[in-house]
């Protein structure tokens, strides 16, 4: 737990957040909305948990985890098997990540329940949401310490399925945000092109559309090369081919004349972004296939006892390319949740966020002047996001990062880490759900002409 305690210094730069009044920040923080500062602070708590989880996977920390009661009950020297032979330390690191992410998920779940139906900053619970950061940190520390003393038993197996469900939902949230981002990007650049009467904006849209489709094509080629073999790996071939076909279909629908008439801002830029992300999720799914012939990331054991993987015999690490890229996407998505409200009313309704009412702008500007260098309360007449739903998103984010850091391996009986088809199907189904969701954004104005989708 020394690593967890040592991480306290990370929060020293936000020590000015110990108050609960609207103007609580000191001069080290720029003038900003209280709602934004709060979301970023909770996101920092989540990132702190992620940092501790990563530290727990390091060999030096794993060696200290043998002292805890749930570690290697049948003997610290007992080998662990994952398509081969690994030492107990790898299993210890994964179990530690399970407990750290359990602590962060439990912390945010408590706030999910506590913040239900908060309507404005006048609610006493809003003071807890926007302040008392030192005490929140102590609560998180207490839950973390308690989590590390949970007897193993069936905890890891049960928590694995919580992680599967939570990660699936978080992938869907990522897809919603990505679709919204692509639509907003296209609208703004088209608007700039019309305002400036310049073809440079159109050229930019064309360049990025071509770039994303080129990257998607390269991804499909690499997936067929590295994750399929002649005469075998039929599941991988079906997944790649099916997702490629679906991406071609949604790209075609995006430029149909009727769709263009109903949604003038729809186009190939959005379709190219969704196509590239679908290929990324397909890559994540294939990297979880529990078949050594079809997955170069799985561990294998050679006659000399060395743990190697892949045809080239490189040393296997838990931090493979899919995990690293997945972590980067996770960080960007989580920051996106904390910082941004959508330009689209439907997305704001789905994500339980809204733009600050224009009638409050004058009041907010006065507060900025009076509270220069501090956060000002922009939620006296109504919250700008659902406190409860925001914390629920962080619960899902905790579960998703748990699965990402552990490569979706399920802790089995007799000290085995098992790569299962569950992870493959969750990711593939999430990619299909994302494509269907994007397709719905294209055809909904045609199917429901009486509704406003502007």
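Placed from the backbone N, Cα and C atoms, the Cβ positions cover glycine too.
In TrEMBL, annotation is done automatically, which means it is predicted and not curated.
Per TrEMBL, the features are:
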- 40-61: transmembrane segment (TRANSMEM)
- 96-118: transmembrane segment (TRANSMEM)
- 130-150: transmembrane segment (TRANSMEM)
- 156-179: transmembrane segment (TRANSMEM)
- 200-226: transmembrane segment (TRANSMEM)
- 238-256: transmembrane segment (TRANSMEM)
- 268-286: transmembrane segment (TRANSMEM)
- 321-339: transmembrane segment (TRANSMEM)
- 382-403: transmembrane segment (TRANSMEM)
- 423-448: transmembrane segment (TRANSMEM)
Interface present between the transmembrane segment (382-403) and the transmembrane segment (268-286) (three or more C-beta pairs under 8 A): no
Cβ contacts under 8 Å made by the transmembrane segment (321-339) with residues that lie 6+ beyond its boundaries: 36, 39-40, 42-43, 46-47, 50, 173-174, 177, 181, 280, 283-284, 287, 297, 351, 390, 393-394, 397, 400-401, 404-405, 407
Contact between the transmembrane segment (423-448) and the transmembrane segment (130-150) (at least 3 Cβ pairs under 8 Å, separation 6+): no
Winner by Cβ pairs under 8 Å against the transmembrane segment (156-179), considering only 96-118, 130-150, 200-226, 238-256, 382-403: 382-403
Stretch among 40-61, 130-150, 200-226, 238-256, 382-403 sharing the most Cβ pairs under 8 Å with the transmembrane segment (96-118): 382-403
